[in-house]
Amino acid sequence: MPEAPPLLLAAVLLGLVLLVVLLLLLRHWGWGLCLIGWNEFILQPIHNLLMGDTKEQRILNHVLQHAEPGNAQSVLEAIDTYCEQKEWAMNVGDKKGKIVDAVIQEHQPSVLLELGAYCGYSAVRMARLLSPGARLITIEINPDCAAITQRMVDFAGVKDKVTLVVGASQDIIPQLKKKYDVDTLDMVFLDHWKDRYLPDTLLLEECGLLRKGTVLLADNVICPGAPDFLAHVRGSSCFECTHYQSFLEYREVVDGLEKAIYKGPGSEAGP
(Lines of atoms letter the chains of each structure in order from A and count residues from 1; the text may use other names and numbers.)
(Lines give C-alpha, C1' and ligand atoms only; values in the text may rest on other atoms or scores of the structure.)
Protein backbone atom coordinates (compact mmCIF):
# COMPACT_ATOMS: atom_id res chain seq x y z
CA MET A 1 0.00 0.00 0.00
CA PRO A 2 1.56 3.36 -1.03
CA GLU A 3 2.31 5.87 1.70
CA ALA A 4 0.34 9.11 1.83
CA PRO A 5 2.33 12.17 0.77
CA PRO A 6 3.79 14.11 3.74
CA LEU A 7 1.90 17.25 2.73
CA LEU A 8 -1.41 15.37 2.79
CA LEU A 9 -0.64 13.91 6.21
CA ALA A 10 0.25 17.37 7.51
CA ALA A 11 -3.01 18.78 6.13
CA VAL A 12 -5.05 15.99 7.74
CA LEU A 13 -3.26 16.48 11.07
CA LEU A 14 -3.82 20.23 10.94
CA GLY A 15 -7.49 19.66 10.14
CA LEU A 16 -7.87 17.38 13.16
CA VAL A 17 -6.15 19.91 15.44
CA LEU A 18 -8.42 22.70 14.19
CA LEU A 19 -11.48 20.49 14.70
CA VAL A 20 -10.46 19.80 18.30
CA VAL A 21 -9.93 23.54 18.89
CA LEU A 22 -13.36 24.30 17.43
CA LEU A 23 -15.04 21.68 19.63
CA LEU A 24 -13.29 23.02 22.74
CA LEU A 25 -14.36 26.57 21.91
CA LEU A 26 -17.92 25.39 21.34
CA ARG A 27 -17.99 23.51 24.64
CA HIS A 28 -16.83 26.47 26.71
CA TRP A 29 -18.23 29.45 24.80
CA GLY A 30 -21.33 28.43 22.83
CA TRP A 31 -21.85 29.11 19.12
CA GLY A 32 -21.70 32.91 19.25
CA LEU A 33 -18.38 33.23 21.03
CA CYS A 34 -17.11 30.09 19.33
CA LEU A 35 -17.40 31.72 15.91
CA ILE A 36 -15.66 34.85 17.19
CA GLY A 37 -12.90 32.79 18.81
CA TRP A 38 -12.46 30.76 15.62
CA ASN A 39 -12.17 33.99 13.64
CA GLU A 40 -9.80 35.73 16.07
CA PHE A 41 -7.46 32.87 16.93
CA ILE A 42 -7.49 30.75 13.77
CA LEU A 43 -8.62 32.64 10.67
CA GLN A 44 -7.30 36.07 11.66
CA PRO A 45 -3.63 35.10 12.09
CA ILE A 46 -3.76 33.29 8.74
CA HIS A 47 -5.34 36.36 7.10
CA ASN A 48 -2.70 38.63 8.63
CA LEU A 49 0.09 36.37 7.39
CA LEU A 50 -1.29 36.36 3.85
CA MET A 51 -2.00 40.12 3.78
CA GLY A 52 1.24 41.18 5.43
CA ASP A 53 -0.50 43.53 7.88
CA THR A 54 -2.95 43.38 10.80
CA LYS A 55 -6.70 43.79 11.09
CA GLU A 56 -6.18 46.95 13.12
CA GLN A 57 -4.05 48.45 10.34
CA ARG A 58 -6.71 47.52 7.80
CA ILE A 59 -9.37 49.26 9.89
CA LEU A 60 -7.25 52.41 10.06
CA ASN A 61 -6.59 52.34 6.32
CA HIS A 62 -10.32 51.99 5.66
CA VAL A 63 -11.01 55.04 7.82
CA LEU A 64 -8.31 57.10 6.12
CA GLN A 65 -9.78 56.23 2.73
CA HIS A 66 -13.50 56.52 3.46
CA ALA A 67 -14.03 58.92 6.39
CA GLU A 68 -13.93 62.70 6.41
CA PRO A 69 -10.94 64.25 8.24
CA GLY A 70 -12.03 66.13 11.36
CA ASN A 71 -15.47 64.49 11.37
CA ALA A 72 -15.65 62.13 14.36
CA GLN A 73 -19.07 60.76 13.40
CA SER A 74 -17.77 59.92 9.94
CA VAL A 75 -14.88 58.00 11.51
CA LEU A 76 -17.25 55.97 13.70
CA GLU A 77 -19.48 55.13 10.75
CA ALA A 78 -16.50 54.02 8.67
CA ILE A 79 -15.28 51.69 11.43
CA ASP A 80 -18.76 50.26 12.01
CA THR A 81 -19.23 49.63 8.29
CA TYR A 82 -15.89 47.86 8.00
CA CYS A 83 -16.47 45.69 11.06
CA GLU A 84 -20.00 44.75 10.02
CA GLN A 85 -19.16 43.94 6.41
CA LYS A 86 -15.53 42.77 6.38
CA GLU A 87 -13.84 41.89 9.68
CA TRP A 88 -15.24 41.67 13.18
CA ALA A 89 -13.40 43.77 15.77
CA MET A 90 -13.80 44.31 19.51
CA ASN A 91 -14.94 47.94 19.44
CA VAL A 92 -17.90 48.84 21.64
CA GLY A 93 -19.85 49.13 18.37
CA ASP A 94 -22.86 51.14 17.30
CA LYS A 95 -25.57 49.49 19.44
CA LYS A 96 -23.76 49.67 22.77
CA GLY A 97 -22.15 52.89 21.59
CA LYS A 98 -25.53 54.60 21.81
CA ILE A 99 -25.72 53.55 25.47
CA VAL A 100 -22.25 55.00 26.07
CA ASP A 101 -23.38 58.22 24.37
CA ALA A 102 -26.41 58.46 26.65
CA VAL A 103 -24.33 57.96 29.81
CA ILE A 104 -21.81 60.61 28.70
CA GLN A 105 -24.61 63.08 27.93
CA GLU A 106 -26.36 62.36 31.23
CA HIS A 107 -23.33 62.75 33.50
CA GLN A 108 -21.20 65.19 31.43
CA PRO A 109 -17.80 64.15 32.85
CA SER A 110 -14.96 66.66 32.93
CA VAL A 111 -12.27 64.06 33.63
CA LEU A 112 -12.86 60.69 31.98
CA LEU A 113 -10.61 57.63 32.12
CA GLU A 114 -10.78 54.84 29.55
CA LEU A 115 -9.14 51.49 30.25
CA GLY A 116 -8.45 49.80 26.92
CA ALA A 117 -8.27 51.96 23.79
CA TYR A 118 -7.81 49.22 21.16
CA CYS A 119 -8.15 51.12 17.82
CA GLY A 120 -9.56 54.34 19.27
CA TYR A 121 -13.24 53.79 18.43
CA SER A 122 -14.60 54.43 21.91
CA ALA A 123 -12.10 57.25 22.53
CA VAL A 124 -13.39 59.06 19.45
CA ARG A 125 -16.98 58.23 20.37
CA MET A 126 -16.70 59.66 23.89
CA ALA A 127 -14.40 62.59 23.11
CA ARG A 128 -16.79 63.96 20.49
CA LEU A 129 -19.42 64.44 23.23
CA LEU A 130 -17.20 66.01 25.89
CA SER A 131 -17.79 69.61 26.91
CA PRO A 132 -15.16 72.27 26.14
CA GLY A 133 -12.32 71.91 28.65
CA ALA A 134 -13.17 68.29 29.46
CA ARG A 135 -10.54 65.62 28.87
CA LEU A 136 -10.24 61.91 28.27
CA ILE A 137 -7.24 59.87 29.41
CA THR A 138 -7.11 56.52 27.63
CA ILE A 139 -4.75 53.70 28.64
CA GLU A 140 -3.68 51.06 26.12
CA ILE A 141 -1.18 48.30 26.90
CA ASN A 142 -0.45 47.32 23.28
CA PRO A 143 1.95 49.80 21.59
CA ASP A 144 0.74 48.89 18.09
CA CYS A 145 -2.90 49.50 19.02
CA ALA A 146 -1.89 52.69 20.82
CA ALA A 147 -0.22 54.00 17.66
CA ILE A 148 -3.38 53.30 15.66
CA THR A 149 -5.52 54.93 18.35
CA GLN A 150 -3.42 58.09 18.18
CA ARG A 151 -3.79 58.30 14.41
CA MET A 152 -7.53 57.65 14.68
CA VAL A 153 -7.95 60.37 17.31
CA ASP A 154 -5.89 62.83 15.25
CA PHE A 155 -7.83 62.09 12.07
CA ALA A 156 -11.19 62.44 13.86
CA GLY A 157 -10.28 65.91 15.10
CA VAL A 158 -10.54 65.20 18.84
CA LYS A 159 -6.84 65.09 19.78
CA ASP A 160 -7.16 68.23 21.93
CA LYS A 161 -9.44 66.29 24.30
CA VAL A 162 -7.57 62.97 24.41
CA THR A 163 -4.40 61.98 26.25
CA LEU A 164 -3.14 58.54 25.23
CA VAL A 165 -0.98 56.65 27.73
CA VAL A 166 0.80 53.44 26.72
CA GLY A 167 1.20 50.89 29.48
CA ALA A 168 -0.56 48.47 31.81
CA SER A 169 -3.53 49.87 33.70
CA GLN A 170 -2.20 48.66 37.06
CA ASP A 171 1.02 50.61 36.44
CA ILE A 172 -0.56 53.82 35.11
CA ILE A 173 -3.46 54.23 37.56
CA PRO A 174 -1.19 54.99 40.57
CA GLN A 175 0.52 57.70 38.47
CA LEU A 176 -2.65 59.57 37.49
CA LYS A 177 -2.66 62.06 40.36
CA LYS A 178 0.95 63.24 40.18
CA LYS A 179 1.92 62.63 36.56
CA TYR A 180 -1.38 63.44 34.84
CA ASP A 181 -2.78 66.04 37.24
CA VAL A 182 -5.93 64.10 38.12
CA ASP A 183 -7.63 64.87 41.42
CA THR A 184 -10.59 62.53 41.09
CA LEU A 185 -12.33 60.98 38.11
CA ASP A 186 -15.85 61.82 37.01
CA MET A 187 -16.20 58.68 34.91
CA VAL A 188 -14.31 55.49 34.06
CA PHE A 189 -15.01 53.38 30.97
CA LEU A 190 -13.74 49.82 31.44
CA ASP A 191 -13.15 47.96 28.19
CA HIS A 192 -9.81 46.18 28.61
CA TRP A 193 -9.02 42.68 29.89
CA LYS A 194 -12.13 41.49 31.73
CA ASP A 195 -10.11 39.92 34.55
CA ARG A 196 -8.71 43.41 35.26
CA TYR A 197 -12.12 45.04 35.83
CA LEU A 198 -12.31 44.22 39.53
CA PRO A 199 -8.60 44.66 40.44
CA ASP A 200 -8.50 48.03 38.67
CA THR A 201 -11.74 49.16 40.31
CA LEU A 202 -10.23 48.36 43.71
CA LEU A 203 -6.99 50.09 42.70
CA LEU A 204 -8.86 53.24 41.61
CA GLU A 205 -10.52 53.37 45.02
CA GLU A 206 -7.26 52.65 46.84
CA CYS A 207 -5.54 55.50 44.97
CA GLY A 208 -8.27 57.96 45.93
CA LEU A 209 -9.40 58.49 42.34
CA LEU A 210 -13.07 57.77 42.97
CA ARG A 211 -15.34 60.37 44.52
CA LYS A 212 -18.99 60.29 45.46
CA GLY A 213 -20.78 60.25 42.11
CA THR A 214 -17.96 58.80 39.98
CA VAL A 215 -19.52 56.70 37.22
CA LEU A 216 -18.01 53.34 36.26
CA LEU A 217 -19.28 52.03 32.93
CA ALA A 218 -18.11 48.50 32.07
CA ASP A 219 -18.46 46.87 28.65
CA ASN A 220 -18.79 43.14 27.88
CA VAL A 221 -20.01 42.21 31.35
CA ILE A 222 -22.11 39.38 29.86
CA CYS A 223 -20.06 38.36 26.82
CA PRO A 224 -17.35 37.33 27.43
CA GLY A 225 -18.30 38.38 30.96
CA ALA A 226 -16.86 39.92 34.12
CA PRO A 227 -18.60 37.94 36.90
CA ASP A 228 -16.29 38.93 39.76
CA PHE A 229 -16.66 42.63 38.90
CA LEU A 230 -20.46 42.33 38.73
CA ALA A 231 -20.60 40.43 42.02
CA HIS A 232 -18.50 43.10 43.70
CA VAL A 233 -20.31 46.23 42.54
CA ARG A 234 -23.78 44.72 42.83
CA GLY A 235 -23.06 43.30 46.26
CA SER A 236 -21.49 46.45 47.68
CA SER A 237 -23.46 49.31 49.19
CA CYS A 238 -20.67 51.56 47.88
CA PHE A 239 -22.17 51.33 44.39
CA GLU A 240 -25.54 51.99 42.81
CA CYS A 241 -25.82 49.78 39.74
CA THR A 242 -27.80 49.83 36.51
CA HIS A 243 -27.59 47.14 33.83
CA TYR A 244 -28.07 47.89 30.14
CA GLN A 245 -28.77 44.78 28.09
CA SER A 246 -27.63 44.92 24.49
CA PHE A 247 -25.73 42.82 21.97
CA LEU A 248 -22.08 42.02 21.37
CA GLU A 249 -20.55 44.40 18.86
CA TYR A 250 -21.56 43.54 15.28
CA ARG A 251 -23.17 40.25 16.37
CA GLU A 252 -26.58 39.04 17.57
CA VAL A 253 -25.06 37.67 20.77
CA VAL A 254 -26.48 38.95 24.06
CA ASP A 255 -24.16 41.27 25.97
CA GLY A 256 -24.53 44.25 28.26
CA LEU A 257 -22.96 47.20 30.01
CA GLU A 258 -23.00 47.83 33.74
CA LYS A 259 -23.11 51.33 35.18
CA ALA A 260 -21.95 51.53 38.79
CA ILE A 261 -22.10 54.92 40.51
CA TYR A 262 -19.71 55.20 43.44
CA LYS A 263 -21.44 56.35 46.63
CA GLY A 264 -18.33 56.69 48.78
CA PRO A 265 -16.45 54.40 51.19
CA GLY A 266 -18.69 55.33 54.10
CA SER A 267 -21.65 53.74 52.34
CA GLU A 268 -20.30 50.28 53.19
CA ALA A 269 -21.17 50.59 56.83
CA GLY A 270 -24.37 48.84 57.85
CA PRO A 271 -26.01 46.79 60.61
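In case you wondered, yes, glycine gets a Cβ from its N, Cα and C as well.
Given the structure is predicted, the values throughout are model-derived calculations rather than measurements.
Copied from Swiss-Prot, the annotated features are:
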TOPO_DOM  1-6  topological domain 'Cytoplasmic'
TRANSMEM  7-26  transmembrane segment
TOPO_DOM  27-271  topological domain 'Extracellular'
BINDING   Val92, Glu114, Ser122, Glu140, Ile141, Gly167, Ala168, Ser169, Gln170, Asp191  S-adenosyl-L-methionine binding site
BINDING   Asp191, Asp219, Asn220  Mg(2+) binding site
BINDING   Lys194, Asn220, Glu249  substrate binding site
MOD_RES   Ser267  phosphoserine
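Distribution of Swiss-Prot features across the structure.
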{"residue": "Val92", "record": "S-adenosyl-L-methionine binding site", "Cβ contacts under 8 Å, 6 or more apart": "Val100, Tyr121, Ser122, Arg125, Asp191, Asp219, Glu249"}
{"residue": "Ile141", "record": "S-adenosyl-L-methionine binding site", "Cβ contacts under 8 Å, 6 or more apart": "Val166, Gly167, Ala168, Ser169, His192"}
{"residue": "Gln170", "record": "S-adenosyl-L-methionine binding site", "Cβ contacts under 8 Å, 6 or more apart": "Arg196, Pro199, Asp200, Leu203"}
{"residue": "Lys194", "record": "substrate binding site", "Cβ contacts under 8 Å, 6 or more apart": "Asn220, Pro224, Gly225, Ala226, Phe229"}
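Note on the topological domain 'Extracellular' (27-271): mean pLDDT across this stretch is 91. The binding-site residues Asp191, Asp219, Glu249 differ in how many other CB atoms lie within 10 Å of their CB, and the one with the most is Asp219. A 10 Å cutoff on Cβ-Cβ distances gives Asn220 (Mg(2+) binding site) a total of 23 other Cβ atoms nearby, all chains included. All protein chains considered, the CB of Ser122 (S-adenosyl-L-methionine binding site) has 25 other CB atoms within 10 Å. Here the Cβ of Ala168 (S-adenosyl-L-methionine binding site) has 14 other Cβ atoms within 10 Å, regardless of which shown protein chain they belong to.
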